[in-house]
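Participant: This is the feature table in TrEMBL:
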- His52, His59, His96, Glu141, Glu143: Mn(2+) binding site (BINDING)
- 57-191: domain 'Nudix hydrolase' (DOMAIN)
- Cys94: active site (ACT_SITE)
- Glu114: Mg(2+) binding site (BINDING)
- Glu143: active site (ACT_SITE)
Amino acid sequence: MVDELEVVLRHGGRFLAHWPNLSVQMTTFPESVVLLADDRTPVGTADKFTVHTDHTPLHLAFSCHVRNTAGQVLVTRRALSKKTWPGVWTNTFCGHPGPDESFEDAIARRASRELGITVRDVESVLPDFRYRAVDASGIVENEVCPVFRAVTDDVPAPADDEVAEYAWVSEDELRASVTGAPFAWSPWLGWQLAETERAGLRITP
């Protein structure tokens with residue numbers, strides 16, 4: 001009889017083991033991001049877990065705002081263990097498409113990984129959004145970050161290493177909160193909301 005068995009499962013970027021009486025070792029696999037020139041053309045790849053420094057190169061990302069059928073937007077508070085902006089409230093989730101991965105596939109992967117949800121009706125909101133922000137620790141985010149919206153019918157089951165808590169709010173409540181207490185929210189969310197307002201767009205159509 002085997003007393004210990006090392007099991008590594010990978011499912012949508014989230015590592016799960018559900019068998020009792022097994023010794024399980026979780027292993028992290030490399031995840032690449034796409035590096036970009038200033039004109040937004042791809043110039044290579046880098047390891048996601050080492051690319052974010054005080055001189056982060058420009059790279060490709062995305063932001064997604066998920067709503068339910070009642071029209072409420074799902075907002076999340078970043079886990080305290082996050083390398084950048086820990087404990088800060090933000091949009092539903094962000095991520096990085098891998099080389100040769102579509103935005104739709106990357107969005108589905110991160111929705112499952114971070115929140116345990118499936119999404120549908122993925123739509124582009126701000127296809128040209130780009131930003132640079134510096135965390136209090138000095139780490140830089142430097143991203144071409146198209147913004148999307150999507151719909152879910154699921155109850156979130158957040159991953160503890162990604163999300164500390166979540167809430168469903170109306171878009172008007174979200175905009176009022178970000179305007180009234182911008183320090184509590186990620187800078188990119190504030191900029192996204194400002195850009196959509198200038199363009200006469202809504203996160204929830």
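Just so you know, glycine gets a Cβ as well, placed from its N, Cα and C.
Because TrEMBL annotations are produced automatically, they should be read as predictions rather than curated entries.
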Participant: With a radius of 8 angstroms around the mean position of the C-beta atoms of His52, His59, His96, Glu141, Glu143, what other residues of the same chain does the Mn(2+) site pick up?
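Facilitator: Not counting the recorded site residues, we get Val33, Val51, Thr56, Leu60, Ala61, Asn142, Cys145.
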Participant: Measuring Cα to Cα, tell me the gap between the residue listed as 'Mg(2+) binding site' and His52 (Mn(2+) binding site) in whole angstrom.
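Facilitator: On Cα coordinates alone, these residues lie 19 Å apart.
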Participant: With DSSP as the reference, give the number of residues of the domain 'Nudix hydrolase' (57-191) in helix, strand and coil.
Facilitator: 31 helix, 49 strand, 55 coil
Participant: Taking the Cβ of each of the binding-site residues and counting other Cβ atoms inside 10 Å, which one has the highest number: His52, His59, His96?
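Facilitator: By the 10 Å Cβ neighbour count, His59 comes out on top.
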Participant: State the mean pLDDT for the domain 'Nudix hydrolase' (57-191).
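Facilitator: Averaged over the domain 'Nudix hydrolase' (57-191), the predicted model reaches a pLDDT of 98.
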Participant: Could you state the CA-to-CA distance between Glu141 (Mn(2+) binding site) and Cys94 (active site) to the nearest Å?
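Facilitator: Cys94 (active site) has its Cα 12 Å from the Cα of Glu141 (Mn(2+) binding site).
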Participant: Taking the Cα atoms as reference points, how far is Cys94 (active site) from Glu143 (Mn(2+) binding site) in Å?
Facilitator: 11
Participant: Per DSSP, His52 (Mn(2+) binding site) is which: helix, strand or coil?
Facilitator: coil
